Amino acid sequence: MLSITYSPAYTLVPTYECFNRCSYCNFRQEPRKDQWLTESVAKQRLESLAGRGIREILILAGEVHPQSSRRKAWFELIYNLGKIALDLGFYPHTNAGPLSRSEIARLKEVNFSLGLMLEQVSPRLLTTVHRQAPSKEPQLRLEQLRLAGELGIPFTTGLLLGIGETDQEVEESLMAIANVQQEYGHIQEVILQPHSPGQKQTDNISAYSPQKLVQVITLARAILPAEITLQIPPNLVPNFSDLLACLAAGVRDLGGIVPIDEVNPDYHHQSVNQLSQLLEENGYLLQPRFPVYPTYFSWLNCDLQQRLSVFIN
């Protein structure tokens, strides 16, 4: 059987507030309108996960502006949540938007990998869906990918599909990721995420075509280096025959399977048991993984390597 991986995960959201206003977003709240997660509540939630097979704690944060007086407190909360997760025996992965060099270097201490969606490299989208989203500037996000490479951090990135990009722009975005990977070799997976309409978005953008998604997967597999794993979120491909077509085109990972998809809250995951059975009936073996791929275990600091070895042994 062909192995398909997934990450048994749970999401902590330090805050939903975000200074970006992407017109397709179903996650954000207005700055200062959201009550931040406290460390004590986070610890209680994580302690309640004992015995449920959860490995990855995805720390997924809305963005506080880099010049805000609250940026330091925001970052310290994100860092401390990673430390709490570590101390409770979990494996943190953080996605908190573009970070400074010092911020990303500190998060490396308490995370097994970091992530940031490239989304699309087209600056044209800054006049449409990203017109009120300063941190979606493509060069800023590409620079973040390079910075993670310079610092030797295993990294997840990806494309958001169906937000107004052209076929050529998709190809250019994949080429940009490939170029960064050829220089640094730190990108472990690329998510190909089809836009899926939700109740909170302000733009009338329709769902991305499953047939188009398969075409993009085929293109990505041709462009990206072989060591990069292609990932799709299975809850955003609800028709199982479409999911099988994605696997046939080159997808080998289904990402974090979580109780609630915080970015797409209208789309729920099947149970792992259901998904595993369906895949097995079609020749695929669903297997859990860590938020860092085995190739990159040696990139981690000694403390993180030790925590992995305890679990593996």
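Cβ atoms are placed via backbone N, Cα and C, with glycine included.
According to Swiss-Prot, the features are:
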| type | residues | note |
| --- | --- | --- |
| BINDING | CYS18, CYS22, CYS25 | [4Fe-4S] cluster binding site |
| DOMAIN | 4-235 | domain 'Radical SAM core' |
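Taking the features listed in Swiss-Prot, we show where each one sits on the structure.
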{"residue": "CYS18", "record": "[4Fe-4S] cluster binding site", "CB count, 10 Å": "22"}
{"residue": "CYS22", "record": "[4Fe-4S] cluster binding site", "CB count, 10 Å": "23"}
{"residue": "CYS25", "record": "[4Fe-4S] cluster binding site", "CB count, 10 Å": "18"}
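Looking at the domain 'Radical SAM core' (4-235) alone, the prediction's average pLDDT is 96. The [4Fe-4S] cluster site, placed at the center of the C-beta atoms of CYS18, CYS22, CYS25, has further neighbours from the same chain whose C-beta lies within 8 angstroms: ASN20, ARG21, TYR24, PHE27, ARG28, GLY62, ALA133.
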